Amino acid sequence: QLARIQTDSVVEMLRELYPDLRIEIAVAMSTTGDKILDTALSKIGEKSLFTKELENALERHEVDLVVHSLKDLPTSLPPGFTIGAVCKRENPLDAVVFHPKNCGKTLSLLPEKSVIGTSSLRRAAQLKKKFPQLEFRDIRGNLNTRLKKLDEKEDFSAIILAAAGLKRMGWENRIGQLLSPEDCLYAVGQGALAVEVRAKDQEILNMVSALHDADTVLRCIAERAFMKRLEGGCSVPVAVNTMLKDGQLYLTGAVYSLDGSDSLKETMQTSVNYPQQNEDGPNDDVQHVGITAKNVPGQAQEAAENLGVELATLLLSKGAKHILSVARQLNDAR
């Protein structure tokens, strides 16, 4: 349902821009990640779980564009594909949804040993450190399934979800607590929608590029570059927070051990205040961590990507690789 709502919102934007365009939502597909619901996400492999089947349809020209949550897309796309648009980001923060009996509480007010559901190692690692009195347990399934599990059983006192998904589903009233970046840094790309297209399909690429939101593009390029340099994925806790203010892009990035006891966190900034130049010609299709953004200044995109790489390099020099490889091993062993 959420995937459909997200796709419809992109179609709506395209119809407003191109009233004569005929758009069909041809296929509603289930992906591997949707089908395997009894295993933690971090155990069944990397991010292409939710994208492979869709990319096959793109490759076979059965569809011309695919709408994803950007956080589900790996930092390196298969050859021949690109992210042709990154839409304006919804609130990227994480949200706590409480069991009806805990309505009005916050995480810090829950009784000791209360069980919190989350399928994210990143969320669990940060919150275990902050709320050692609580227990964190895997919960899988789409938003409807998870909320049902929360409401109808007594297994969980609360669950953690992305605020963006709840808002898009019209369930904002279920948000009991928004977790600030001080409590919980968010996932790379969280809250942003990506439109994936065939990289060589200029007509489609030009059409969807009008959906790019420049601020979101720059923030997400920095976040994705950070993740890529760290070689992070679903199976390790990597988290970010970005902000664009007065031409300066700020990136906070962190890595955590699975229990949150070991962590590294740093913030860096760079100027992204560059004019748009006419970059016709061979530079047209320069990708930055899988994103082709023709209408965002190339120098600004480059600066954002460098910021992500530099911050990751700084964390690696302080021992991030060790934290992440231990996290990966422990997760594999679980």
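Cβ atoms here come from the backbone N, Cα and C positions, even for glycine.
Automated prediction, rather than curation, is the source of TrEMBL annotations.
What TrEMBL annotates here:
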DOMAIN    1-205  domain 'Porphobilinogen deaminase N-terminal'
DOMAIN    218-278  domain 'Porphobilinogen deaminase C-terminal'
Taken over the domain 'Porphobilinogen deaminase N-terminal' (1-205), the model's mean pLDDT: 89
The domain 'Porphobilinogen deaminase C-terminal' (218-278) - residue tally per DSSP class, helix then strand then coil: 13 helix, 26 strand, 22 coil
